[in-house]
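Undergrad: Relevant sequence annotations retrieved from TrEMBL are reproduced here:
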type     : residues : note
DOMAIN   : 112-399  : domain 'Ion transport'
DOMAIN   : 500-717  : domain 'Ion transport'
TRANSMEM : 109-132  : transmembrane segment
TRANSMEM : 235-255  : transmembrane segment
TRANSMEM : 364-390  : transmembrane segment
TRANSMEM : 501-518  : transmembrane segment
TRANSMEM : 538-559  : transmembrane segment
TRANSMEM : 571-590  : transmembrane segment
TRANSMEM : 610-639  : transmembrane segment
TRANSMEM : 694-715  : transmembrane segment
Amino acid sequence: MASPEHKGLAPFTRESLEVMEQHSAIKHSEEHKEDLKPNTDLEAGKELPFVYGNLPRAMVSEPLEDVDPYYKNKMTFIVLNKKRTVFRFSATWCTLSPFNSVRRTAIKILVHPFFQLLILISILIDCIFMSMTDLPKWGPALQNTLLGIYTFEILVKLIARGIWAGSFYFFGDPWNWLDFSVTLFEHISRYSPPNFISIFQITRNLRILKIIPLNQGLKSFVGILIHCLKKLTGVIILTLFFLSIFSLIGMGLFMGNLKHKCLRWPQENETETLHNRTGNSYYIRETENFYYLEGERYALLCGNRTDAGQCPEGYVCVKAGVNPDYGYTNFDSFGWTLLALFRLMMQDYPEALYHQILYASGKVYMIFFVVISFWFAFYMASLFLGILAISCEEEKQRAAEKAKKIEPELQQALMELQEGNKAAETKTTEIEMKKRSSTSMITSLDMLDDATIRHKEELRKSRKRCPFCWYRFAKTFLIWNCSPCWLKLKEFVHMIIMDPFTDLFLTICIILNVHFLALEHYPMSLETNNILNIENQVFIGIFTAEMIFKIIAMHPYGYFQVGWNIYDSLIVFHGLVELYVTHCHGLAVFRSFRVLRIFKLGRYWPTFKILLLTLGNSMMALKDLVLLLFTFIFFSAVLGLKLFGSNYKIYVCNIDEDCQLPRWHMHDFLHSFLNVFRILCGEWIETLWDCFKVAGQFSCIPFYMMVILVGNLLVSNPCFKIFLENCIVVWHFHNVDL
């Protein structure tokens, strides 16, 4: 809520600017300290609180005095659009005067919702064209149009906010730096040599991120991610330190061991020709001389220890050839060892690496992998979650302290609002009495305050949510009070259906129904199928009887006022419809909706209900996070397409003998999107090897590390945080109810 010191909304005039300059000069001369902080409810981008009343049309898109006491002497003013969104601007140097007609026009354009909608539509169109491999003929013309719109946006922001780098200036916002840089690079690419065009085209993909500042929810979640990153800085450094330590240990233990292979070597009874071939220095390099298991691409690994892999008869274990997995899995240098251990930490196909080391070095080294798995997969992950939980608790404490400070202000504001409502109602009543008593008061009625008339309309609408005929219909047909006999029957049914033992019986029926649903399998015998059909009809009958009895006990009007009753009725109607359409061809999908009956337990099982509420609140809180995750995946897919798309087509023979694109590639947007999604799911090492073969290590590793770290470690962590917050809130309210 706003501070109680506010004096309402007032236009920002030259006198206001002079008063602010005088206060600012006095403040600098006295050098006294004020314990004021910005009001979070009056931040730029948020809606103006309701305690400031209605927004007159004359004040829309016009400079107003800042209502936040913190900015009283900060030489700022605010502008509100039709949606009451707060825009804060600076009134000091490096800008045009707030009373300059050019700047006022730029501010009106900037705060208008249509301008933001135009930018959003332009970005979405640009995203569509970024995902296309081949542009249509009119594509360049459209790109020039979009570039003109982005340039116009930057000019409007520069004029409206100024060119300085302080607060509320153009260069004081990092998102404006992004817009300016991308637009500048695109202008430069129009006149740059062909060798540099590809570099500038890649930077053009950053324009996808312009969607984030246009949505306040996305922008706030980016702030949460940055806050989480700051909290996790120490853990990240500690993780890199331990990765480096274990990498050095791994190099000392396994360097060169993954090149051990079983080489065919002549025995005493072999022919002289084979003896002559082994004397050739190139014999050991020929891959056909290694031992391969059936269906395997790489030669069988072996070791010189007794507990390592042994070669079959006629073969000896030598260090020759290349490392497995195209030569990318090894412990021969610090970089490759670090990649292998990072793969183990992320648990991506770790069993293959376990087998390779055990075959080449011995089973005793399994201890090394157990320590790594425990240390990174459990200890470090717990440390990550623990720090997030501590951060969540700190934010809860700050929110509680803020609520304690705001509560008196909120009560005072509500009291003032209630007094205003009562005064408005009294004034409206007097107006109606005067209208009835005399027609001479029409002139005075036209001079009434707009807020009073608007309150009267809102009060009238709130009291009449539905047409009056609906209430007459409900009272006549949906409330059954026919006769004394019917009322006695109603009381008897109410006593039975509301009994706790009835709830226990229904709970048992739901659990049994779920148990029978779990007994379905394929193929089923005719006898089993008949038994399951009979039990389904029995439970449908029980649930139908429950619905009928509750309608009798509560009347239809009262029955459908409860959300759980509506859900129960939908389950019953689905079961009845299923009895008629289950034998129809193509409509057997109705059977899959039977599983929804398990959620009926939420009515009779409080703990299950709390879990459902927690999940529901978490999903509502995650809607912006899901949109942010999709934006990141889309950006990564487009970036992968621009970086590696052509390489997959040119160097396809490096990864496939038939020169055919593999299933996972980035030559088009769809496969690039699926590849990024697979990386986020934790399976990335195999596609990274293919990327190495077509694009090289120095371009693939930064891209993959960006997707893995930002996607898995930063985007998924707020999910835990939001779920924890909602879980605590739901459990708190449950305990209060108890």
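Backbone N, Cα and C define each Cβ position, glycine as well.
TrEMBL does not curate its annotations; it predicts them automatically.
Looking at the shown structure, can you explain where the listed features end up?
TA: A mean pLDDT of 83 is what the model gives for the domain 'Ion transport' (112-399).
Within the chain, the transmembrane segment (109-132) has long-range Cβ neighbours (under 8 A, six or more residues past its boundaries) at 61, 79-83, 85, 87, 139, 142-143, 146, 149-150, 153, 156-157, 160, 204-205, 207-208, 210-211, 214, 634, 637-638, 641-642, 669.
Outside the transmembrane segment (235-255), and at least 6 residues removed from its termini, the chain residues within Cβ reach (under 8 Å) are 331-334, 337-338, 340-342, 345, 357, 360-361, 365, 368, 372, 375-376, 380, 383-384, 387.
Long-range contacts of the transmembrane segment (538-559) within the same chain, counting only residues at least 6 positions beyond its ends with a Cβ under 8 Å from a Cβ of the stretch, are 474, 478-480, 489-490, 493-494, 496-498, 506, 509, 512-513, 516, 565, 568-569, 571-572, 575-576, 579, 597.
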